[in-house]
């Protein structure tokens with residue numbers, strides 16, 4: 001899918017390294033810079049791919065995800081906002097509406113090291129169908145040798161949220177994640193609380209855990225691709241580790257049957273309590289990703 005995105009015809013060349021393209025229903029922004037290749041969907045301000053020069057793709061994007069208006073994309077970094085997980089009210093979308101609506105590209109800049117982009121979503125008739133509040137939501141990205149993502153919400157409200165990052169791995173059987181802390185809520189086991197005794201999370205089957213006292217940096221150890229990915233979390237309360245395992249992967253229409261083998265989600269999350277935004281002090285959630293060969 002990522003190769004397909006970069007082979008799409010250019011609709012508008014915004015700068016020498018930034019272009020607008022289209023895949024089915026969705027407008028895309030493609031970064032082709034000497035230091036980095038990346039791509040975004042305007043729907044959801046959704047980072048689809050990020051590849052620093054000399055590295056394998058860092059993010060995972062499903063080959064089966066539809067690029068359709070209003071349908072959440074499977075992979076990359078979905079922005080879950082203004083709620084994380086199932087909606088409190090029946091009939092509303094899981095993980096909020098921000099990932100399903102078109103955002104505006106408000107600013108972009110570039111230098112020798114990479115590209116900076118700012119996307120904006122504002123309250124509208126479309127958002128008030130889901131949520132009554134007035135808001136301005138900004139998503140800032142800095143892509144280069146590292147990837148920096150910051151979500152900033154302006155208004156008067158309480159939210160839960162996540163940067164639901166899907167990371168590309170060689171084989172989930174050979175992946176370990178450290179730095180998660182010890183206590184977690186196990187969503188595969190009736191939301192019971194558990195303890196990670198050795199501080200290392202592996203993924204032998206379906207895994208869905210909300211870590212309650214995570215360290216600032218989660219480290220993905222990938223023995224197959226022979227690299228580590230550092231995921232540094234900012235302004236967060238939790239980290240989520242997720243992999244659907246084989247049975248759920250088969251049941252998901254937007255994922256290949258064996259899709260679970262080649263990704264792990266390590267998510268920057270504010271979920272176990274609400275996060276307050278005020279007019280004076282916007283709420284924030286941020287993630288910095290670095291990759292290194294072992």
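The first residue you see is number 1, and the count goes up from there.
Note that Cβ sites are derived from N, Cα and C of the backbone, with glycine treated the same way.
Marked as substrate binding site by Swiss-Prot on the basis of similarity to another entry: 74, 99, 208. According to DSSP, residue 99 (substrate binding site) sits within a helical segment.
The active site annotation in Swiss-Prot covers 164 (among others) and is backed by similarity to another entry. With a cut-off of 8 Å between CB atoms and residues at least 6 apart in sequence, the same chain places 77, 78, 79, 80, 95, 240, 265, 267 near residue 164 (active site), listed in sequence order.
Here Swiss-Prot flags 267 (among others) as active site, drawing on similarity to another entry.
In the three-state DSSP scheme, residue 164 (active site) falls into the coil class. Among the recorded positions 208, 267, the residue whose Cβ has the fewest other Cβ atoms within 10 Å is 208.
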